């Protein structure tokens, strides 16, 4: 039984939910994919295929056609009895420019350059082999990338430690929708604690969560001791919410 790629719920026969099959042969719960299309996502969430036929939801027949749509949640609402303007919720800025700055490299690091090594790519597949006359629509492959190291100025002694890897800026986008309740959210937090632990002081990490809307939990923060503690607290504060809007 293939799960819906949006809510991860089952789509077996007799489940009591309408199923939408796209032109690319991927299937979703109708209410899940129609909500995604209403938010402007016109591509398949799994293969990014452009759809010509889209799942649309007609408005209820009882709604008058001339009734104006409700205002979006981010507009200002003026209360007649009060001169103050009340905003329904805060709106994230279009551009985030408050990331923590990286420290300038020291002389030895500055003299270094990218080595002649190539990026190391390793793949781990779910099945070592499949029959020649069979097919599998869900063939999972785990890809492991290792960046090349940085060569020094050439003055290192033979006993010196190997050169450090290039620092990274890492942005993690975490699903905190209703499907993440319980053990799934606990595993996500455990994985994030592992990621935070292995990052070095030259690396930066940003945490973004999404359910019905996306939220930047932390800016790009250097993984010093204080930065790691901040990100751990931010990850531990995550809770499962309602709705999933991948778009």
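Including glycine, each Cβ sits where the backbone N, Cα and C put it.
Within the chain, the domain 'RING-type' (4-48) has long-range Cβ neighbours (under 8 A, six or more residues past its boundaries) at 54-57, 137, 177-179, 244-247. The feature domain 'RING-type' is assigned by TrEMBL to 4-48.
As annotated by TrEMBL, region 'Disordered' applies to 58-90 (among others).
According to TrEMBL, the feature compositional bias 'Pro residues' maps to 58-74.
Residues or ranges marked as region 'Disordered' in TrEMBL: 96-115 (among others).
According to TrEMBL, the feature domain 'VWFA' maps to 169-247.
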So what's the mean pLDDT when you look at the domain 'RING-type' (4-48)?
77
